[in-house]
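Summarising the annotation, TrEMBL assigns domain 'Anoctamin transmembrane' to 200-406, 407-601. The transmembrane segment annotation in TrEMBL covers 208-231, 243-261, 314-337, 357-379, 400-418, 477-503, 524-551, 566-588.
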Amino acid sequence: MQLGLSVSDSDVSSFTPLVVLELADDTKAEAITWLLNRIRDKQKNGGAELLVDQLLFPAQDGQKSNPNVFVVGSTLQRLLKGAEDVGLFKEFQDGIMRGFTYANRESFKDFYGDGEGFLSDAECQYIIKHELDTLRAKNEEHVPGYPKVKLYPGKSVVRRLQSKGVLVQYFPLHNKEDLKRLSFSWYKKIKLSFQPLDDIRHYFGEGLALYFGFLEYFTFALVPMALIGIPYYLFDWEDYDKYVLFAVFNLVWSTVFLEVWKRCSATFAYGWGTLSRKKAFEEPRAGFHGALGFNPITGREEPVYPSSKRQLRIYLVSVPFVLLCLYLSFYVMMVYFDMENWAISVYNENPNFGTGILLFVPSIIYAVVIEIMNLLYRYAAEFLTNWENHRLESSFQNHLVLKVLVSLATLLITSQILNQVMEAFLPYWLQRRRNKKVHKRMRRVMGDKELPLLEQVQLETEMNTYLGTFDDYLEQFLLFGYVSLFSCVYPLAAVLVVLNNITEVYSDAFKMCHVFKRPFSEPAANIGVWQLAFETMSIIAVVTNCALIGLSSQVKAYFPESETQMILIVVAIEHVLLAFKFILAFVIPDVPKDIQVKLAKLEFDSLEALKKRKILEAVET
């Protein structure tokens, strides 16, 4: 980060613009003045103590541009103090990750001089976001100029303005030079190597870096399954023992895969300073509503909504709706099977080119219908989760994940190639068209005068907003379902997933760098609720694979007269495999030994420091 760059060509201010803040173009002047004063005001007066300046865009094609676009930055000292406020962990001189404190800043590794370059761009932008999000109303009863937009002491100003449409958006700016270097090392050179996860973390933050780390780990972990699946597919192995061996290997692989990932995740999180970091107190969601009450934890007034009402909405409305949708998905699947059987019978009666084409029609229709149903279901799931009125964003996301995962049976057949086109290249093509139009308008209005910042902000305000890693993890979850559930039936599943993930790395990297606005950093120590989702899928895989083994003709041949005995033996094998799976999960530690030692040392040092402080307080009194 280089402080001292100018915000605009007129050099009105001299600070590095890190965050763009856009208000509605018809925002009242008194509201703008009040908000900017609160952002600039000292912390002791309840302000954010940040730097902010207005960007004035020229009129384009006779249309007046939005005059209420601002850039926000900060002094280096303010950012370093903010790093302590948000609880950043940095490497100490002794090699242990410790909570950063401004008073001991010179004792941290890589802190030189005044601290220039000590914080990454992503960390600086995260600190600014935290300061804006925690900007709270004091004694104002409403937003100036908006009598109906009520405020009360302790209410988040930014969240209130967002919920009422006064604040259109705020997002971190891309750093063009850093982005160019990251793009070159990440995806512009096609090579067989690891991703630059540390660089991704410095630019986008820990949450995204952890997703790409998981994507890379998952892809490499699939290689053994793929290597076994290829000969299994090429050679017609009818031997029962080899069939069972492949199924057992599948089950062991899914367990070891998840347990080893926990260790990798802990290693990443420790090195990035998020493993020991205390999670900041989570603020209520912008959409959370309820009667004004008192929060016993924070001591502030905020909306309160009875948990009993939320539970009634979940169990009396959301759960029945999800079950109904699941029933409809299976019904559509049965209709598809009937259509496919009909097409096969027509082809068998009269095999020709036309009836051969007819064989593909049921699958095409089914894929289109399922895609439409999934889009409608996703919209309904988000609507219901909003309607349930969850107080915290994490609770909202967890309930949304659970709703979406129950449609797994239908999502498993969705085309991954179509997904990649829709999520990366189509938005990029549309964004390029918009960028060219903006570029031409700016050049036509300003001639040859260079306006790099104005043009960059204009382009980025019109880019799509990245909505988080939900859909990315969901896609990997579905692919894990392909492999763990159906690889015995289709041994090439792991091979296809490996090929898909290789292209996924490049397409996801491409869309993060060129399709979406730069997202704010999201500190993360693990993949959250998705770890539980993957582990649940691995348990389901045990049941499914045992059932597939029991249905095989080779197994039935061993029990020609007693089907009940066969079922009992298969169930017994299933229980043994489940027990083995849980034992294996227990035996493999979630955190590597060396990191456990460092965490223990950190806790010991903290206790010793607390003892010394109490002794000093006792002596002083």
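Every residue gets a Cβ built from N, Cα and C, even glycine.
TrEMBL entries are annotated by machine, without manual review.
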Same chain, outside the transmembrane segment (524-551) by at least 6, Cβ under 8 Å from its Cβ: which residues?
206-207, 210-211, 214, 243-244, 247, 250-251, 254-255, 258, 261-262, 265-266, 269, 274-275, 277, 394, 397-398, 401, 405, 473, 477, 480-481, 484-485, 488-489, 566-567, 570-571, 573-574, 577-578, 581
Which listed range (243-261, 314-337, 357-379, 477-503, 566-588) shows the maximal number of Cβ pairs under 8 Å with respect to the transmembrane segment (208-231)?
477-503
Could you check whether the transmembrane segment (357-379) packs against the transmembrane segment (477-503) - three or more CB pairs closer than 8 Å, residues at least 6 apart in sequence?
no
